[in-house]
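Okay, so here's the structure we're looking at.
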Amino acid sequence: MRRCATCKISAPLHARLTELFQGDQRLPHDSGKLVDPEYLSNLGILHYNFSSIDDVNRIAKDRDYKNRDEITISPSTLGDAYESKVKTFFHEHLHEDEEIRYIMDGNGYFDVRSKDDAWVRILLEKGDLMIMPAGIYHRFTTDEKNYTKAMRLFKDEPKWTPLNRGPETDENQYRKSYLQSAGITA
C-alpha cells in the first residue's frame, strides 16, 4: 500500500464502535466505545487532516490519483432526490477501487465493517481525507445538518459503482483480496 511520502497520517478524532442503528441514520449513534487509530490502520483505512488543497494535490500525485470531482450532498443541491440519494449511500456496499474522500465543507459519517463484522462509525469533518481500500464493506451518510461537500479522487476515470453486500459480493475477488490483506478469515 503506497503512502504519501510527505503527508502525516492522523487518526480520526471521532471513530467509535456503533451499536445497532435505531432511528435516524444521520444521528451520531455513539456507543462511547472509542476505536484506536491503529485498529483503523489494520483495516486498511488511512486518514489525514489537511488545511490546504495543496496537501490533497500532493497525496493525489503520490498515490497516482489522476481524476477528481466534487459532490455536494444537501437538500438544496439535490432537491427532491436528496432523501433517496442519502439512502442509496447508506446501503452497505463495497467498491472495486479505493474510495478516497476529502471533506471540503460540512460533515459526514462513514461506517466501515470491523474485523468481527461490527460497525465502526467515523465522523469526517472539513479538512479530513480518508482512503478506504477496495473490497471493504462500508456506507455513508450526512450528519443531522444534512450537508456534506466532498472531493472524490480516482486513479482512473471517475466512477462510483457500489456493489451491495450479498453472497455474490462476498465472493468478489476484490473482497477476497481485502480480507486476505487485512488478515480477516471469512
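Including glycine, each Cβ sits where the backbone N, Cα and C put it.
Annotation source TrEMBL lists Ni(2+) binding site at His93, His95, Glu99, His138. All protein chains shown were included, and the count of other CB atoms within 10 Å of the CB of Glu99 (Ni(2+) binding site) stands at 21.
The Fe(2+) binding site feature in TrEMBL is assigned to His93, His95, Glu99, His138. Within its own chain, His93 (Ni(2+) binding site) has Tyr137, His138, Arg139, Pro162, Leu163, Asn164, Arg165, Thr169 as residues 6 or more apart in sequence whose C-beta sits under 8 angstroms from its own.
Among the features that TrEMBL reports, region 'Disordered' is placed at 160-186.
Counting Cβ atoms from all protein chains shown, His95 (Ni(2+) binding site) has 18 others lying within 10 Å of its own Cβ. Taking the mean position of the Cβ atoms of His93, His95, Glu99, His138 as the Ni(2+) site, the remaining residues of that chain whose Cβ falls within 8 Å of it are Leu94, Met132, Ile136, Tyr137, Arg139, Pro162.
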